[in-house]
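Undergrad: This is the feature table in TrEMBL:
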BINDING   LEU12, GLN13, GLY14, ARG27, THR93, PRO213  substrate binding site
DOMAIN    18-213  domain 'Radical SAM core'
BINDING   CYS31, CYS46, CYS49  [4Fe-4S] cluster binding site
BINDING   PHE48, CYS49, ASP50, GLY95, SER136, PRO137, LYS138, GLN176, PRO177, MET178, ASP179  S-adenosyl-L-methionine binding site
BINDING   THR51  Mg(2+) binding site
Amino acid sequence: MSYLVKEIFYTLQGEGAQAGRPAVFCRFAGCNLWSGREADRSAALCRFCDTDFRGTDGEGGGRYADARTLADKILATWPCEASAAVRPYVVCTGGEPLLQLDAALVDALRARGCEVAVETNGTCEPPAGIDWLCVSPKAGGDLVIRSGDELKLVYPQPALPPESLEGLAFRHFFLQPMDGAELVASTEAALAYCKAHPRWRLSLQLHKLLGIP
Ligand SMILES: C[S@@+](CC[C@H](N)C(=O)[O-])C[C@H]1O[C@@H](n2cnc3c(N)ncnc32)[C@H](O)[C@@H]1O
Ligand SMILES: Nc1nc2[nH]cc(C(=O)O)c2c(=O)[nH]1
Ligand code: SF4
Ligand SMILES: [Mg+2]
């Protein structure tokens, strides 16, 4: 099958338990919770998105005909040869990556020595073979992935309190302050929540602090 990709870039993972780790990001085009058009934002199921995921016009973006072609392009974006000591770390995001990421692409990346991470809203079943699964539930989305490596809740979402999620089977629980007009207040509220409920940790978006992609 072919894949529609917005952009492919090399940076540091900015969020969650892997923050600071060099990674190639593959941002798939399209999402099931918002069209990506500003005119549709106020009526979308997810309204606070900080990302342009429409189209294929970014750096490294395009329609990739098959898994091998896309995996080769992703690997070519990593700065050195893959080795057992340092495996290329690939973060599949979007948009919603699980609308497109399939076992063929996961297998092609792993066959090239990569570790495969996914950033998902949790509304679609993942393929087998993912090394690091980060689920970021949305109040407007039906959560079908109820276990994984990290749960990263954008905070606050009044209709989705952290207490409603902490029974799920994740290794790490993060609150990530909602970026936007209320970022300062969101950060203060997330900080206070983590201090009062130490099961939760704070995830600040390191890439925004650094001014990198
Ligand atoms: C753009 S989303 C793409 C992946 C997937 N669709 C999802 O929502 O998890 C990547 C990450 O950014 C987070 N995010 C999106 N908008 C945000 C915002 N305004 N403030 C903080 N985090 C945000 C998402 O919750 C998710 O963890
Ligand atoms: N540096 C960096 N880290 C990230 N972690 C998750 C991101 C995403 O948009 O999925 C992201 C991103 O866009 N940039
Ligand atoms: S689910 Fe993810 S990509 Fe889709 S609109 Fe929300 S934050 Fe953006
Ligand atoms: Mg981002």
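Cβ atoms here come from the backbone N, Cα and C positions, even for glycine.
Automatic, uncurated: that is what TrEMBL annotation is.
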Undergrad: Name the secondary structure element type, per DSSP in three states, that contains THR93 (substrate binding site).
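TA: It is in a strand.
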Undergrad: Taking a cut-off of under 6 Å between Cβ and any atom of ligand 1, tell me which of the binding-site residues LEU12, GLN13, GLY14, PHE48, THR93, PRO213 pass.
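TA: Going through LEU12, GLN13, GLY14, PHE48, THR93, PRO213 in sequence order, those close to ligand 1 turn out to be PHE48, THR93.
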Undergrad: Report the residues of the chain - excluding LEU12, GLN13, GLY14, ARG27, THR93, PRO213 - with C-beta within 8 Å of the mean position of the site's C-beta atoms, for the recorded substrate site, in sequence order.
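TA: Going along the sequence, the neighbours appear as PHE9, THR11, GLU15, ALA23, PHE25, VAL91, HIS207.
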Undergrad: Checking the spread of the S-adenosyl-L-methionine site as listed (PHE48, CYS49, ASP50, GLY95, SER136, PRO137, LYS138, GLN176, PRO177, MET178, ASP179): what is the longest Cα-Cα distance, in whole Å?
TA: 19
Undergrad: Where does ARG27 (substrate binding site) sit in the DSSP three-state scheme?
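TA: Where ARG27 (substrate binding site) sits, the three-state DSSP reduction gives strand.
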Undergrad: Cβ within 8 angstroms of the Cβ centroid of CYS31, CYS46, CYS49: which residues besides those meet this for the [4Fe-4S] cluster site?
TA: LEU33, TRP34, GLY36, ALA44, LEU45, ARG47, THR51, PHE53, GLY95, GLU96, ASN121, LYS138
Undergrad: Do any residues at least six apart in sequence from ASP50 (S-adenosyl-L-methionine binding site), in the same chain, have a Cβ closer than 8 Å to its Cβ, and if so which, in order?
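TA: For ASP50 (S-adenosyl-L-methionine binding site), the qualifying residues are ASP179, GLY180.
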Undergrad: Are any of ARG27, PRO177, PRO213 (the binding-site residues) within 10 Å of CYS46 ([4Fe-4S] cluster binding site) when you go C-alpha to C-alpha, and if so which?
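TA: If one measures from the Cα of CYS46 ([4Fe-4S] cluster binding site), no binding-site residues come within 10 Å, so the answer is none.
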Undergrad: What is the number of other Cβ atoms found within 10 Å of the Cβ of LYS138 (S-adenosyl-L-methionine binding site)?
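TA: 23, counting other Cβ atoms within 10 Å of LYS138 (S-adenosyl-L-methionine binding site).
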Undergrad: For each of the binding-site residues (GLN13, THR51), count the other CB atoms lying within 10 A of its CB, then report the residue with the highest count.
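TA: The largest 10 Å Cβ neighbour count belongs to GLN13.
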Undergrad: Mind running the binding-site residues GLN13, GLY14, CYS31, CYS46, THR93 against ligand 2 and keeping the ones whose CB falls under 6 Å of it?
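TA: Only GLN13, GLY14, THR93 meet the Cβ criterion.
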Undergrad: Give the helix, strand or coil assignment DSSP yields for LEU12 (substrate binding site).
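TA: DSSP assigns LEU12 (substrate binding site) to strand.
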Undergrad: Tell me which binding-site residues (ARG27, PHE48, THR51, THR93, SER136, PRO177) have a Cβ under 6 A from ligand 4; sequence order is fine.
TA: THR51
Undergrad: List only the single closest residue to ARG27 (substrate binding site), chosen from the binding-site residues PHE48, CYS49, THR51, LYS138, PRO177 by CA-CA distance.
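TA: Checked the binding-site residues PHE48, CYS49, THR51, LYS138, PRO177; minimum Cα distance to ARG27 (substrate binding site) goes to THR51.
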